[in-house]
Amino acid sequence: KGLENHTVGSGFVLLGFSDHSSLQGLYFTVFLVIYLMVLTGNSLIALMTVVDSSLHSPMHFFLRNLSFLEICYTSVTLPKMLVGFLMEDGRISFLGCAAQLDFLVLLGSIECLLLAAMAYDRYIAICDPLHYTLIMSRGLCIRLVVGSCVAVIPVQVGQTYQVFTLPFCASHDLHHFFCDVPPLLELACADTFWNQVMLYTIILVFAILPFSLIVISYIKIIGVILKIPSDLGRHKAFSTCSSHLGVVTLFYGSATIVYLKRRSRDSVDTDKYLALFYTIVTPMFNPVIYSLRNKEVRIALKRLL
């Protein structure tokens, strides 16, 4: 009863950019533009892969799901941030914070698995092209996407429950733009050892393992590409992978630093800006990367417009 009154009643305060209160209007404008770019760019990619028959391939099926995922991913954090800038109020309820954390980590984990599935698709396309259509059937693509969602849901719900059953201290100020596991654990007035174990286990299974599979796939892909005799053939083969490789680098680069390095008082600001990068900036650049590096997408975009 005491714990319930202590946490549910008070909620949390997302400090975010509170150190620069005079710039709240500017931040609102900048992040509104970013959100609109995320929605527009990813919606266009998703629409193109549905209406254009030339994009009805396994690679573009995964790209469509990635674009939809990015829209959902940014919608978990950005609308709340925009309201905070507009109202100059960073308060979030206990249940609202729990829901935000659950969806954020859930969608982030699904994205890790989806990026691994896309790497597998590129591996089969380049290393075993004769059996590509046989292996990468529509049924397998659907199973990979659905399986990614089903595998993640119970684990992430369990982690959210584990975090929010902790007793929190008197200060409920989160030095972050949204509710995330590391800053929440710092506010707990209890031993968080098993929470840390759970967090790093999830990172190992749903981030490091998929990333390892992506690296192994690209080592084999590069080996095959280097054996192609013509420069044109090598360039064409690499161009089909470069956009995916760019997205992987942006997403994993910032996320790995945030979750795997040791947090300290001096690194709080750095951590929250890096978190902004992989939750907001990467989804904004994804459509740009795929449009610039993928010839089929560029052609389809011209036809659509």
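Just so you know, glycine gets a Cβ as well, placed from its N, Cα and C.
A TrEMBL annotation is a machine prediction, not a hand-curated record.
The transmembrane segment feature in TrEMBL is assigned to 26-50, 62-86, 92-120, 140-157, 197-226, 238-260, 272-292. Annotation source TrEMBL lists domain 'G-protein coupled receptors family 1 profile' at 41-290.
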Positions on the same chain near the transmembrane segment (238-260), where near means CB under 8 A and six or more residues out:
59, 66, 108, 111, 115, 118-119, 122, 125-126, 182, 199, 203, 207, 211, 214, 218, 221, 225, 271, 274-275, 277-278, 281-282, 285-286, 289-290, 292-295
For the transmembrane segment (140-157), the candidate among 26-50, 62-86, 92-120, 197-226, 272-292 having the most Cβ pairs under 8 Å is 92-120
Where else in the chain does the transmembrane segment (272-292) make close Cβ contacts, counting only residues six or more beyond its ends and a cut-off under 8 Å?
16, 31, 34, 37-38, 41-42, 44-45, 63, 66-67, 70-71, 73-74, 77-78, 104, 108, 175-178, 180, 243, 246-247, 250-251, 253-255, 257-258, 298, 301
Quick one: average pLDDT across the domain 'G-protein coupled receptors family 1 profile' (41-290), no decimals.
88
